[in-house]
Amino acid sequence: MSSALAYMLLVLSISLLNGQSPPGKPEIHKCRSPDKETFTCWWNPGSDGGLPTNYSLTYSKEGEKNTYECPDYKTSGPNSCFFSKQYTSIWKIYIITVNATNEMGSSTSDPLYVDVTYIVEPEPPRNLTLEVKQLKDKKTYLWVKWLPPTITDVKTGWFTMEYEIRLKSEEADEWEIHFTGHQTQFKVFDLYPGQKYLVQTRCKPDHGYWSRWGQEKSIEIPNDFTLKDTTVWIIVAVLSAVICLIMVWAVALKGYSMMTCIFPPVPGPKIKGFDTHLLEKGKSEELLSALGCQDFPPTSDCEDLLVEFLEVDDNEDERLMPSHSKEYPGQGVKPTHLDPDSDSGHGSYDSHSLLSEKCEEPQAYPPAFHIPEITEKPENPEANIPPTPNPQNNTPNCHTDTSKSTTWPLPPGQHTRRSPYHSIADVCKLAGSPGDTLDSFLDKAEENVLKLSEDAGEEEVAVQEGAKSFPSDKQNTSWPPLQEKGPIVYAKPPDYVEIHKVNKDGVLSLLPKQRENHQTENPGVPETSKEYAKVSGVTDNNILVLVPDSRAQNTALLEESAKKVPPSLEQNQSEKDLASFTATSSNCRLQLGRLDYLDPTCFMHSFH
């Protein structure tokens, strides 16, 4: 027994003296899976003890008692073990150990617990691309692009990859690392022009390890950034040169026309009769006169110069035809009644200057001027005013007593109540005819006058003065001397009268219409049957159309009263105007039946 123990100690001492020992303890370096389907484990062997040593990898799965040896020691290289899909399971924990054995003994590494899900280390990104670009502000940058690893399934979402890039200039020692997240492209700014840069990329899954750095690529940043396609600049330059040549040629040939088109001349005044000197001097009144514009009429404060309207009784039974017609209408023709409420231009009455303007200028008048019947009685009618012939002007005044009056212009205090019709502007239009009408007298009385009413009798009085003819070339011819013993009446009353003028007080002065044979009726002895006329209308030639009244009453009394009127004393020129103005409305009225009529010849003499 003691001899056997001594033998063993002798052998051991001899082995130690020769340098042989059991193998050292191996160490598992790492286990990695590129795609969660396969994985590989690497280890570092210990000392071999001077003897040949065998290494083996054994594993077991958690929850299982069986131990398995590595299926493939060659695929991944020496000191490694490759697990194919057949031997790889996810959501399982592997317990892995490495054993070393030689003639002197054996040794075992520490166990390593591996979960395939957390040991993924993908391949580096592929297809790395570098490009230098320029922004609109001429600032350059480096554009880096790459693709995910080929083995990993990124499109289906089996992996979620994150990326990093690193770059440095060729002369630098340290790398500049940029994390890009899940993007596969990145822009690097603030690069130094004229230097060469080195770029690399890598990736890692959401749970795992960073891949190794990929292939290294380099690029040089140019000093002056220029476009690669220089043909674009060449084309632009050629087109610009052609356009410039065309413009120079056009200006050389048609320089004046082009300058006129670009800078047109200032047009001058094209108004006929327009005086530029008046415009430059700034005299607006002379300029308006040159253009034919009327200046503003002067204002007048004399209210008594305006005549409100003319009122003449209208015969509702009979009507004469216009002056150009020589026949009277038939019995079936009815007179046209006027609407008493129609507007007659009352605004003309309110104008202070309309009367003078319209009485001075000849104007075109309406074909007819109808005047409605006014039957309102004055408050203070004048009566029994004897005629006062003026020897200087040979102007008679007639008077007839009546209970009704027709509105005529009076002084401001003697105006009677008037109907709100008939503006004086319309009356002045009738009075604005040329002066050559002074040569006209009473036209030939129409033979086919409507029959007078038998009830009117044959004793109507004509309180009218005969008028002698005026020369056509003189307007201001005096009237013949008047007879002082009584009024002179016509053998046959006149049918037409013509407006002579309108005096400053707005009173109409009438003349008898001249006959066709240029002869006037001479005054003669009144016949047994007399007729008085009333205004029926106004023709185109401003002639009043008169119609005899068939309802004249009490003509005998009127004739007697007219004959008994004594002549008044001689008046001077200023008193004559006032007397003719105030006494016209009462002295020239005749009451025939229940209507009033005016004697045109009386006004003709009084306002001449």
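Note that Cβ sites are derived from N, Cα and C of the backbone, with glycine treated the same way.
Features of the protein shown, as given by Swiss-Prot:
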type     : residues       : note
CARBOHYD : Asn54          : N-linked glycosylation site
CARBOHYD : Asn99          : N-linked glycosylation site
CARBOHYD : Asn127         : N-linked glycosylation site
BINDING  : Asp206, His207 : Zn(2+) binding site
TOPO_DOM : 254-608        : topological domain 'Cytoplasmic'
MOTIF    : 262-270        : motif 'Box 1 motif'
COMPBIAS : 398-408        : compositional bias 'Polar residues'
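Mapped onto this structure are the features recorded in Swiss-Prot.
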residue : record                      : DSSP (3 states)
Asn54   : N-linked glycosylation site : strand
Asn99   : N-linked glycosylation site : strand
Asn127  : N-linked glycosylation site : strand
Asp206  : Zn(2+) binding site         : coil
Query = At the level of the C-alpha atoms, what whole-angstrom distance separates Asn99 (N-linked glycosylation site) and His207 (Zn(2+) binding site)?
reply = 30
Cα proximity to Asn127 (N-linked glycosylation site), best match among recorded positions Asn54, Asp206, His207 = Asp206
Key: Proximal but sequence-remote residues of the same chain as Asp206 (Zn(2+) binding site) (Cβ under 8 Å, at least 6 apart)   = Phe159, Thr160, Glu162
Request  = Do me a favour and check the Cα-Cα span between His207 (Zn(2+) binding site) and Asn54 (N-linked glycosylation site); whole Å is fine.
outcome  = 35
Note = Cβ neighbour count within 10 Å, max among the recorded positions Asn54, Asn99, Asn127, His207, goes to Asn99
Task = Could you please provide the mean pLDDT value for the topological domain 'Cytoplasmic' (254-608)?
result = 48
